[in-house]
C-alpha cells in the first residue's frame, strides 16, 4: 500500500491503530482499529468532526470492546485486513476526488464512512452516526482549498488541451496511486528508457503475446517517472496514453481527422515533456485513411524519424507482423522491445505484488498457497492464454466467487422472510374479512417473527466477517475446473471410492475383458491423483480383438463413468478417412479450401471439451497419413490446427480400436469360447494379432501407445450375462409404456444359444433378441391385446417361446381400491 502519501498525522493514526490492535490482543489491524487510531488524534479533522456528533474516544472504545472484545495472546507480525486495505484505498480515492496531494485523517474518515461493512461501520450504526451529514461536515471542515489545486492542475496542462481531451495521463494516475504495481519487468523498462533517450528514432515498440504485460511496462515507466527513478533526460515527463479510436471518433468530414492529429502532434512538440503511448499500435495503419486520405501512420512518420515525437507502442507479434513489418518505412522508426511471457516463479511474485489490491477490492484474504496454485494450474491447464494475465484473471474470479458465497443470505433467514410474508398476507386477508381478533393474533405473530429475523440477521452478520474469509487452493481448483471442465478440486471421499471401484463400474456395462478394464482404470486413477506425465495424454490404448467383444462399448462405459453420459465421448469413425485428402478434415481444411473457417473435426471438439474420451474406431480402415498426425498427439499431447492454434490433448483418454488380425484368426480357427486350453489359445491369439498389428502400423506409432490390449473372445457364461443386460434394457424401455416383462432362465439360455457365434461376438445376440422377443411383443401390442398395465412372462418350453399375459399385482390392488 502507498503509505508514502500520508500526512504525519495520518501516519500517527496508523501507528495508533497498530497499538490498539496489540492492546486488544488482535492478530490483524481492522477498520475498528483505524477508527480508534483516528480518535487518538484529537487535533485531527476526523476526531473534531466526530466530536460534533457526540462520538468520543470512550464511546468508540466501549463499542469496539462490546462488539469484538479482547483476543487471545497474539503471535507474530500484524497485518491489515482486506477491509482495512480497502479503507486506505478509498481514502486515497477521496483525496484524489478532492484534488489533495496527501491523505489526511479526514480522508481516512471518509474512507471509513464509504466502507459500509466491517466493525467500524457497525460502531457508527450503534452510535447513530448520520453518514450523509458526517460526510458533508468533513467537506465543510476542509473548506475549499481543492479548487486552487484544481485550477493549478488545469493551468499546468493548459498547453495541451487537445491531447488532454483525447488521452489519459498515466503519470497523474500513477501519482494518485491507482495503477497496479509492476513487478519483474526491470529489464524491459530499462530497455525502453534507453531507446527513449536516443537522439532520433527514440520510439520503442513493445512486442509480445496477448496478456504478457506490455501495457503494464508503460505504466511501470510512468510510476518510475513519478518516483524519480529515471535518468535526468526523462524527469518531469508525462506519459500520455492515446486511444486511436477516440481520435477518429466524430471526424465526419474529410480533413477533420488529419487536423486533429496534427494539432495533437504540435501540442506534443511545443510542450516538449510528453511521451506518447499508443496501445494496439497496429491501429495506426489505415486509421482515418478512407477515400484515399493519408492514414495516421503516414502523418506520424516524419515526426517519429526526426525525434520530435517520443512514442511508445504496444502490439502483439501477429499484428506487428501483419501491419507494421509490411510497411518498412514505419517499422524502421520503431525499435522493437521483446516482452516474453514470465515464468511460473515470476508470475507468483507478480501475484504477490498485486495481492493487496485484490484483497482490498474483494475484502477477503488471499493465501500464498492460492497464489502458487493459480500460477501453476493456469500454466498447466489454460494453454491458449498467457501468464500472468490468465493467473490474475483466475485469482480475480475465484476471489469474486468466495466473496459472493460468503455474502449469500442463509436458508434460515430466507425461511423466516417467507413466513413473515405469509403471515402479513393472512393478516391483510383477516382485516379484509373483518376478523379483527384473528388479525390481532397474526399481528403479534408477525412482530415475533420480525424480532426473530432481526436477531438471526444480527448473529449472521456478526459471524460472517469478510476479514476471516480467505481464498484457498480448493477455490482456485473449482474455478479452473469451471473454465476447462477438468476436475482439479481435491478428491473427496465419494470420488475416491468411485475411482477405486472404477473397474466394478465399467464391468456393469462391459462383460469380461478384465485386462482392458484394469489398464484403463489405472490410467484414470493416475491422472486424477496428479501422477501422470503432464506432457502426455492421460492414457493411449489400442484395443484389438474380433468384432463384437466390447471394444467400443468399453470406451462408451468409460465416458459415462467419467462424465455421466455417453455423449461426452468424441468418436471419430476412421472409415471416413480412407482417402489421403480426407486427413486434413481432422485439423481443418488448408487456406483457400472450402471449410477453412470451420476448423478441424477433431481439433475443434477437443478445444471445446479438453477433458474427454476420444475414440478412433476401426483405425485400420484409415489412410496411413492419419497416424503421422497422431504421432505428436501421443507423444507431446498437443496438435496444431490449420489456423496455427495449439490444441491441448493432455487431458484426454485416447482409445483406438482395430479388428486387424481377425481374418487371420478366423482362417486359423482357434478355439475361442472357454475350455481347458483357453489361456493357451488366448496367448496364440495375442501373438497372431500383435504380428498383424506390426505389419499394419509403423513402429514409431506403436511405440508411442501406452498399452496394446487384446480382447478375449466371449464365453457362453459371459454371453448369458450380456443377454440379462439386454433384457434389462428392454424392460426399462417397456416400463415407459406401463408394460412389465419377465424372462425365465430357460428363455435366456435359448436366446444365448441362438445368438452364439464365435466369430461375431455379442452382436448376433441383438438380432436374436429382436427376432425372439421384440418382434413377438410388437405384434402383441399392435394386435389389439391390451397389455398395458399387465405383466408378460416369456418362457421357452424346449420347442418354442411362450408368452403368458397376466394382471400385474399392483394394478389389481389399485383396481380393488377404486371399486371399494
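Cβ from N, Cα, C; glycine included.
Over in Swiss-Prot, the protein carries these features:
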- 208-215, 545-552: ATP binding site (BINDING)
- 3-144: domain 'Clp R' (DOMAIN)
- 417-452: domain 'UVR' (DOMAIN)
- 6-71: region 'Repeat 1' (REGION)
- 80-144: region 'Repeat 2' (REGION)
- 163-410: region 'I' (REGION)
- 471-662: region 'II' (REGION)
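Features recorded in Swiss-Prot, as mapped to the structure shown.
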{"residue": "208", "record": "ATP binding site", "DSSP (3 states)": "coil"}
{"residue": "214", "record": "ATP binding site", "DSSP (3 states)": "helix"}
{"residue": "545", "record": "ATP binding site", "DSSP (3 states)": "coil"}
{"residue": "551", "record": "ATP binding site", "DSSP (3 states)": "helix"}
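Looking at which of 6-71, 80-144, 471-662 has the most CB pairs under 8 Å to the region 'I' (163-410), the answer is the stretch 471-662. Here the binding-site residues are 210, 545, and the one ringed by the most other CB atoms within 10 angstroms is 545. In the predicted structure, the region 'Repeat 2' (80-144) carries a mean pLDDT of 80. Ranked by Cβ neighbours within 10 A across all protein chains shown, the binding-site residues 212, 549 are led by 549.
Of the binding-site residues 214, 551, 551 has the largest number of other Cβ atoms within 10 Å of its own Cβ. Annotation for residue 208 (ATP binding site): spatial neighbours 214, 316, 317, 338, 339, 340, 341, criterion Cβ-Cβ under 8 Å with sequence separation of six or more.
According to DSSP, the secondary structure content of the region 'Repeat 1' (6-71) in residues is 44 helix, 3 strand, 19 coil.
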